[in-house]
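Student: Among the features that TrEMBL reports, ATP binding site is placed at Leu184, Val185, His209, Phe210, Arg266, Gly288, Gln297. Annotation source TrEMBL lists domain 'THUMP' at 61-166.
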Amino acid sequence: MNEAILLKTGEIALKGLNRGSFEDILVKNIRWRLKPFGAFDIQRAQSTITVRPKSDDIDLDEVCDAMGKVFGIAAYSRALVTEKDLGTILRDAVAYLKDDLSGIRTFKVEAKRSDKSFPYKSPEISREVGAALLSAYPHLRVDVHHPQMTVIVEIRDFAAYIHGAQREGAGGMPVSSSGQALLLVSGGIDSPVAGYMMARRGLKISAIHFVSPPYTSARALDKVETLLQTLTDYTGNITFYCVPFTKLQEAIRDHCPEELFTIIMRRLMMEIAVRVARAHDLPALITGESLGQVASQTILSLAATNAASDRPVFRPLIGMDKKDIVAIARKINTFETSILPYEDCCTVFTPKRPKTRPTLRYVEESQALFDFEPLLAEAVENIEEKVIRLEW
Ligand code: ATP
Ligand code: MG
């Protein structure tokens, strides 16, 4: 059978004159994602990218699953590629859609004719295909308003395409089309979701994580790497920076007011993240903070943390409830890993009574009680860098 996968671009279509470059990035991402499956022919026309396998042994279900995770694709479907001849189309539609139609009762047909030399107009094609399906499958009924399935017949330049159920794509914009940013990732539920959300807006993600051995274990670091590995399904490869943070945390414990331990720790994380971002040309940071979730995420705490960064900090979860964040974590398969019980450096030296309304001045004065600069420089010096790759 001669099949293809049709990918519908979403928001890209709104990009006007920039559309071409967005599509270039999307096609490049698609090509990269297709590599492990074999050779494909890729064409684009009228906000559809057509992917055709060059050999028969490629499992299109697997390819579809992979395409369902590429940002910039709004919807996708498998389609039969057939001759531009009405008789052939009717016969092939009946055979090809058999399984799809057996489980439903109502359908409609939508025809699209971009090849205007095809002798039948769209309404006629729809009518003919609808009639052929009704006579082959008498359990069906046409419902033009709320069909369980819309059968699509497209008459394009080089072939006709017949497709059944369309699936929703990953949406958003192609990774890299918005540039790059650095995700502060912990082993928790929130930050992986934040990374996913910003990748969906077209950012290529790098990640930074702070570890405090022996207070935090190797297993906690493994957990973070597993989370990032899971994210690569959507984000592609992630450059990962692991920062040794123990000495800074001990210095905070020894020299700063206990009620500010977490805030000052957050600010030092920001300072290091900014240095890494500067060195690697990453214009923005991303965190998983959500307003009011914990003491370090009240408006004044966030203001104090924010003041430690000279570049924009994206907080896509800021207005979200935990339950909605969890729903996304489940969808992207990070949840089960996130809830494993290993400690994070945030849970080391946590104050019994954290200050929930710290003024920036009080925080800055408290941080100035100790000269953190040498330890900051040392931490940056000892960062371990590696690339977490999408596993084929
Ligand atoms: P998460 O579920 O992402 O851990 P959280 O609700 O537990 O979030 P915090 O632990 O207060 O919140 O952390 C707030 C944010 O700070 C995180 O979302 C993350 O962006 C960043 N962060 C926390 N701990 C680390 C860490 N060890 N390394 C890097 N970033 C961190
Ligand atoms: Mg956390």
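Don't overthink the numbers, they just go from 1 along the chain as shown.
A Cβ is built for glycine as well, from the same backbone N, Cα and C atoms used for every other residue.
Note: TrEMBL annotation is automatic and uncurated.
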Student: In sequence order, which same-chain residues at least six apart have a C-beta under 8 angstroms from Arg266 (ATP binding site)?
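Tutor: The answer is Ser296, Ser301, Ala304, Thr305, Ala308.
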Student: Largest pairwise Cα distance, Å, within the listed ATP binders Leu184, Val185, His209, Phe210, Arg266, Gly288, Gln297?
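Tutor: This binding site's residues have a maximal Cα-Cα distance of 19 Å.
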Student: With a 10 Å radius around each C-beta, find which of these binding-site residues (Leu184, Val185) has the fewest other C-beta atoms nearby.
Tutor: Leu184
Student: DSSP-wise, what's the residue breakdown of the domain 'THUMP' (61-166) into helix, strand and coil?
Tutor: 38 helix, 31 strand, 37 coil
Student: What residues, ordered by sequence, lie under 8 A Cβ-to-Cβ from His209 (ATP binding site) and sit at least six positions away in the same chain?
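Tutor: His209 (ATP binding site) has long-range Cβ partners Leu184, Val185, Ser186, Leu221, Val224, Phe240, Tyr241, Cys242, Val243.
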Student: In terms of DSSP three-state secondary structure, what is the assignment for Arg266 (ATP binding site)?
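Tutor: Assignment for Arg266 (ATP binding site) reads helix.
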Student: Name, in the order they occur in the sequence, the residues of the same chain whose CB lies under 8 A from the CB of Gln297 (ATP binding site) and which sit 6 or more residues away.
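Tutor: Sequence-distant Cβ neighbours: Glu289, Ser290, Leu291.
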Student: Given the binding-site residues Leu184, Val185, His209, return the subset with CB under 6 A from an atom of ligand 2, ordered by sequence, or none if empty.
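Tutor: Near the molecule: none at all.
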